[in-house]
C-alpha cells in the first residue's frame with residue numbers, strides 16, 4: 001500500500017507540468033529571497049493565487065519550491081553586499097560577507113548553497129521518518145487536546161514574534177475574532193454581520209492574508225520616497241564569479257558535525273509553532289561558535305560560520321512541514337499559508353492527514369527533496385537574474401505587485417468583495433505594523449480560529465457540562481501537556497530578558513521539566529513513564545548544578 | 001501629562017471590545033444541544049478586553065513609551081504620504097472597477113501609482129506607461145487564458 005502511494009506520488013511530482021512549476025517556483029523563490037524587503041512569506045503568499053487552477057500536488061509542489069528557493073536565495077545578497085535578503089540569512093552575512101571580501105566569493109556562495117542543500121536533505125529525511133510517527137501520536141488527540149494545542153500554538157507565536165507579549169496575544173485574538181465573523185460551522189448562525197449579506201459567508205482566508213501581509217508590507221516598502229526610488233541594491237560586484245562547488249563540498253564534509261548539529265537545530269526550531277528560519281540561523285551560528293576550537297575566527301570569514309546558519313535555515317522548512325502534516329498546526333507563517341492552500345483544495349490538515357491523503361502527503365515529501373536539487377541547479381542562473389532584478393527600484397515592483405494582488409484575490413471566488421477585503425485588511429495590517437503589533441499571531445489566529453472553535457464545541461458536548469470540560473482539560477494528559485507548555489511559553493519572554501541576570505531564571509527549565517513530567521507520567525505505555533522519570537532527574541540535576549554554583553547567574557562567575 | 005500612543009490604542013481596543021460585546025447579543029440563540037454560537041466570540045472578546053486593559057495599565061505605568069519605528073522629524077502627512085497615495089489610488093481602482101474593468105483599471109492604477117511615486121520626468125512617465133500596459137497585459141493574459149479566470153470586463157472595453 002505504501003509502495004503504491006509512493007509510486008503514485010512520484011508519478012505526480014515527476015510529471016513534466018509539475019516539474020516545470022517546481023523549476024519556476026524555486027527560481028522565483030531564489031530571486032525573491034535575494035531581494036531585501038521582499039520576504040519568503042510574501043513570495044509564498046503571492047504564489048497562492050496561481051495554485052487555484054492547479055491540482056493540490058501541483059500547488060503544494062510550487063509553493064515548496066518557492067519556500068526552499070527563498071531560504072537559499074537570501075544568502076546571495078548577504079554574501080555579496082552584506083545585506084541579508086531575508087531574516088533567515090542574517091547570520092550567514094557574519095562570515096559570508098568577510099569571506100567574499102577576502103576574494104573568495106565563489107567559495108562563500110558554494111558553502112552557502114551546499115550547506116543549504118545538505119541541511120534541507122537531512123531535514124527531508126527527518127520529515128519522512130518523523131511526520132508519520134508524530135501523526136500516530138496525533139491520532140491520540142481528542143478535541144480537548146486539540147483545543148489546548150491551538151492555544152499553545154497561539155501563545156508561543158505571540159511570545160516569539162512580537163516586541164511585547166501583550167500585543168502579540170491581542171493580535172492573535174484579533175485573528176481568532178476575524179475567523180469567527182460570518183456563519184459558524186456548528187450551528188450555521190450568522191455572527192457580527194451587522195446586516196451585511198456579504199459578511200454572512202465570513203472573510204475568505206486568502207484576501208485577509210494577502211492584505212495583512214503583502215499589501216501592508218508593500219506600503220511600508222514605499223514609505224520613504226527617496227529609498228523607494230533607488231535601485232533595490234547598489235554596488236553589487238558579482239561579475240565573473242564562479243561558484244566553487246567541489247571545494248565547498250569537501251570543506252562541508254570535513255565539518256560534518258557542525259552540519260548535522262545545525263540541521264538538527266533547524267528541524268527542532270521548525271517543529272515549534274512560530275519559530276522559523278530567522279531564529280534558527282542565529283541559534284545554529286551561536287552553537288557553532290561555542291563548539292568551535294577557533295571561535296575567535298568567527299566573523300572573519302570562517303567556513304563554519306556559513307555552514308551553520310545555512311544548514312539550519314533550510315532544515316527549519318522540514319521541521320515546519322513535520323508539524324503541519326502531522327498535527328495540522330502550521331510551524332510558521334509560511335506553512336500557515338500552505339495550510340490555507342490545502343483548505344482551498346478542500347483538504348483539511350489534521351493528525352489523520354497522512355493516513356487519509358497518503359498520495360498528497362508522499363508527494364509533499366518527494367517535492368521537498370526534489371526542490372533542493374532544483375535549487376542547486378538554478379542557483380547559478382539566479383545569480384545573473386539577481387544582478388538584473390536588484391537594479392529595479394522598489395516603487396516599480398510595489399505598484400505592479402499591488403495590481404497582481406488584486407487580480408490574484410479576485411481569482412479565488414470571482415467576486416469583487418474579496419478585493420475590498422484585501423483593501424481593508426491591507427490598511428489594518430499597515431496600521432498594526434506601525435503600532436508595533438506582530439502580524440504572525442493574527443495570521444495564525446485567522447487560520448486556526450475555526451479549528452479552535454470546532455474542537456471547543458466538540459469537547460464541551462462530549463464533557464456534558466462546562467465544569468466537566470474544565471476538569472477534562474487538566475486531567476487529560478495531552479491537553480495538560482499543551483496547557484503546561486502554553487503557560488511556560490507565556491513566561492518565556494521574561495525568562496529570555498532576565499536570563500543570566502536574575503536568579504529565578506535558573507528554575508525556569510527545571511520547573512518546565514517537572515511540570516511536563518506530570519502529563520507524561522499520566523500517559524499510557526512505559527516509554528512515556530520513562531521520559532517522565534528522565535525529565536524529573538534532569539530537573540534535579542540542573543537544580544543541583546545551580547546550587548553548586550551558589551545560584552550565581554553570571555557566566556563569568558561560573559567560569 | 002502626555003498620553004502615549006499605546007494608551008490611545010488600548011482605549012480604542014477597549015471601546016472596540018465594548019461594541020463587539022454589545023453586538024454579540026444579536027447572535028441568534030439556538031437549541032440544538034450544541035455550544036451556543038455566541039460563546040466562542042465572547043470568550044475572545046473577554047480575553048481581548050483583559051489584554052487591552054493590561055496594555056493600558058502597562059502604557060500608563062511605563063515612562064518610556066518606545067516608538068515602534070525610529071523617531072522622525074518628518075511631519076506626519078509627509079511621512080505617510082506615499083502609503084496614503086497608494087491607498088487612495090487603490091480605492092479609486094476599486095470604485096471604478098465595474099466601469100473600467102480589470103485591464104484598464106489595473107493599468108491605470110499601476111501607471112498612476114508609478115507616476116505618483118517616481119520622479120516626474122517625461123522619459124520616466126513613458127516608461128511607467130509601458131510598465132503598466134505590459135505588466136497588466138501579461139497578468140490579464142495569464143489569468144484569462146492560462147488559469148481560465150474571467151476577470152471583471154468593465155463597460156468601456158468589455159473583453
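Here the Cβ of each residue, glycine as well, is placed from N, Cα and C on the backbone.
Because TrEMBL annotations are produced automatically, they should be read as predictions rather than curated entries.
Here is what TrEMBL records for this protein:
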| type | residues | note |
| --- | --- | --- |
| DOMAIN | B:8-152 | domain 'DUF1468' |
| TRANSMEM | B:7-24 | transmembrane segment |
| TRANSMEM | B:39-57 | transmembrane segment |
| TRANSMEM | B:85-112 | transmembrane segment |
| TRANSMEM | B:124-151 | transmembrane segment |
Contact yes or no, the transmembrane segment (B:85-112) and the transmembrane segment (B:124-151), 3+ Cβ pairs under 8 Å, gap 6+: yes
Within the domain 'DUF1468' (B:8-152), residues counted as helix, strand or coil by DSSP: 108 helix, 0 strand, 37 coil
Non-local residues, at least 6 beyond the ends, that sit with Cβ under 8 Å of the transmembrane segment (B:124-151): 101-103, 106-108, 110-111, 114-115, 118
For the domain 'DUF1468' (B:8-152), the mean pLDDT of the predicted model: 87
Beyond the flanks of the transmembrane segment (B:39-57) by 6 or more, those residues with Cβ under 8 Å of it: 6-7, 9-11, 13-14, 17-18, 20-21, 24, 27
